[in-house]
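Enquirer: Quick paste from TrEMBL:
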type     : residues : note
TRANSMEM : 27-47    : transmembrane segment
TRANSMEM : 59-82    : transmembrane segment
TRANSMEM : 94-120   : transmembrane segment
TRANSMEM : 126-144  : transmembrane segment
TRANSMEM : 156-178  : transmembrane segment
TRANSMEM : 184-205  : transmembrane segment
TRANSMEM : 305-328  : transmembrane segment
TRANSMEM : 340-362  : transmembrane segment
TRANSMEM : 369-390  : transmembrane segment
TRANSMEM : 396-416  : transmembrane segment
TRANSMEM : 428-447  : transmembrane segment
TRANSMEM : 453-478  : transmembrane segment
Amino acid sequence: MAKDYSKLFDTKHLNADLKKRSLKSGAVTLTSQGMMFVIQLASTMILARILTPQDYGKLAMVVSITGLASILSNLGLSTATIQRAEITHEQVSTLFWINTAIGALVTVVIASLSPVVAWFYQTPELVWMMLALSSNFFINGMTVQHSALLNRQMKFYALAKIQVLSTLIGIASAIVAAKYGLGYWALVINSVVTSVASAIGAWLSSGWMPGIPRKSAEVKAMVKFGSDLVGFNVVNYFSRNLDNILIGRYHGSAELGFYSKAYQLLMMPITNLRDPMNKVAMPALSRLQDDPEEYRDYYKKYVSILSFVTMPLVVFLFIFSSTIIKIFLGDKWLLASDLFRILAIVSFMQPATSTRGLVLLTTSQSRKYLFVGFVSSIIVCASFVIGVNWGARGVAIAYAVETYIFMVPLLMYSFHKTPVNLFDFIDSVYAPILASLFMGSLCHLFYINANNYNDYCVILIGFIIALISYFTIFIIFFGGKKQLLYCLDYFKKIKEKKF
């Protein structure tokens with residue numbers, strides 16, 4: 001007798017108290033992301049002192065190519081499964097076999113292209129690195145739908161446990177490999193081991209076994225939806241990775257190592273705050289798409305909280321960049337501090353503006369999502385091509401300039417014919433922007449007069465100044481008391497788990 005999987009696919013029970021479920025999910029995901037941040041930060045401090053910028057540069061060269069393959073192996077079908085109002089065991093089974101077949105194909109293609117990539121970068125070591133990393137695509141292809149089902153049911157505790165444990169196992173393997181002098185292979189081992197552990201966890205946690213694939217109109221519609229997402233992600237991929245490709249090709253693995261590590265260190269805390277919030281917001285907004293007022297209210301509160309947390313963080317990282325680099329990466333990475341500051345300028349608005357994609361996805365406008373991504377990618381890629389003539393620093397500056405020139409037009413177009421508009425966005429972010437900039441000016445005054453303090457004291461005192469000044473300025477000067485109290489209440493509920 002076939003097992004009944006109906007409870008895995010029905011989501012009507014989630015609508016009964018969506019707000020409380022979102023808060024509960026937020027508690028789990030924020031806790032896990034806090035753990036992830038500590039784990040990643042600790043591993044970075046250890047590995048960056050053992051490995052060299054060249055080692056990280058070689059990995060960045062490979063990842064800049066394999067990243068595209070990762071997008072193709074997913075096919076956007078995980079989002080299709082999460083977003084769809086109703087779905088069946090047969091449909092998800094078909095999607096599983098599609099993902100698995102594509103994953104196997106991509107593995108073969110990447111392995112075959114390894115000599116070409118090594119020739120392009122003039123780095124022979126990349127051949128074996130790509131052969132090893134190509135296995136990830138087959139493994140991940142078999143995991144896409146299991147993770148999507150957990151996400152669809154808002155089982156964020158299971159997802160968090162998988163993420164934390166698989167990351168710990170992968171990092172532990174990498175540290176052991178690095179200690180034994182394996183160099184860049186430690187980074188490869190980390191990636192492969194993490195993928196295997198994550199796949200095992202997803203299969204065991206979901207409790208779902210795929211059935212026989214069957215062709216249907218519904219599956220065709222989901223593949224079409226997924227193909228739009230893949231189309232967006234493919235063009236978006238070039239805008240996110242062309243910088244690495246160009247720097248690696250024309251300026252070598254060392255300069256790419258400084259650039260990629262600066263960006264990674266900068267994005268680590270931002271990503272660990274933004275991603276869990278996005279994971280909670282996406283299913284919540286998807287279920288509110290038929291109620292414009294509720295959708296608009298939820299979106300504004302979400303962007304407000306996101307900006308409240310990420311904007312002052314980025315300003316703090318910008319002001320204390322050199323000290324942060326020395327503490328977390330070591331003195332040999334100080335050349336990355338200038339790149340770190342420039343990329344921080346880009347990242348200041350990025351978490352908030354990236355929600356334009358969230359709006360389009362949760363209102364089922366995948367074609368528009370593709371078009372916006374295509375236009376944005378052309379602009380970003382053009383800036384990279386211009387900037388690479390001046391090395392990694394030129395690329396970073398060009399990226400910052402285009403980000404702010406085209407930010408408002410892209411937001412206006414994305415929000416057109418959705419429940420939200422540009423004024424909703426501005427209303428949600430203006431107070432965090434101004435408060436963060438004032439906070440930054442006070443931190444800067446301290447930093448330029450902190451020559452007699454050691455690095456750890458500078459960061460500690462700077463953090464205290466930032467914390468006190470941000471909260472004070474936010475309340476007194478920008479009338480943000482109501483917004484601040486809402487944010488504090490939100491995180492208080494998460495912490496206390498009063499759902």
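Heads up, the Cβ atoms here are built off N, Cα and C, so glycines get one too.
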Enquirer: Quick check for me: are there 3+ Cβ pairs below 8 Å between the transmembrane segment (340-362) and the transmembrane segment (396-416), leaving out pairs under 6 residues apart?
Expert: yes
Enquirer: Under an 8 Å Cβ to Cβ limit, what residues of the same chain, 6 or more beyond the ends of the transmembrane segment (156-178), are close to it?
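Expert: Contacts with the transmembrane segment (156-178): 25, 28-29, 31-33, 35-36, 39-40, 43, 46-47, 50-51, 147, 150, 185-187, 189-191, 193-195, 197-198, 201-202, 205-206, 276, 279-280.
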Enquirer: Could you name the stretch, out of 27-47, 94-120, 184-205, 369-390, 396-416, with the greatest number of CB pairs under 8 A to the transmembrane segment (305-328)?
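Expert: Checked against 27-47, 94-120, 184-205, 369-390, 396-416; highest Cβ contact count belongs to 27-47.
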Enquirer: Give the nonlocal contacts of the transmembrane segment (184-205) in its own chain as ranges (CB under 8 Å, at least six residues past its ends).
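Expert: The answer is 47, 50-51, 54-56, 58-59, 125, 129, 132-133, 135-136, 139-140, 142-143, 146-147, 150, 155, 158-159, 161-163, 165-167, 169-171, 173-175, 177-178.
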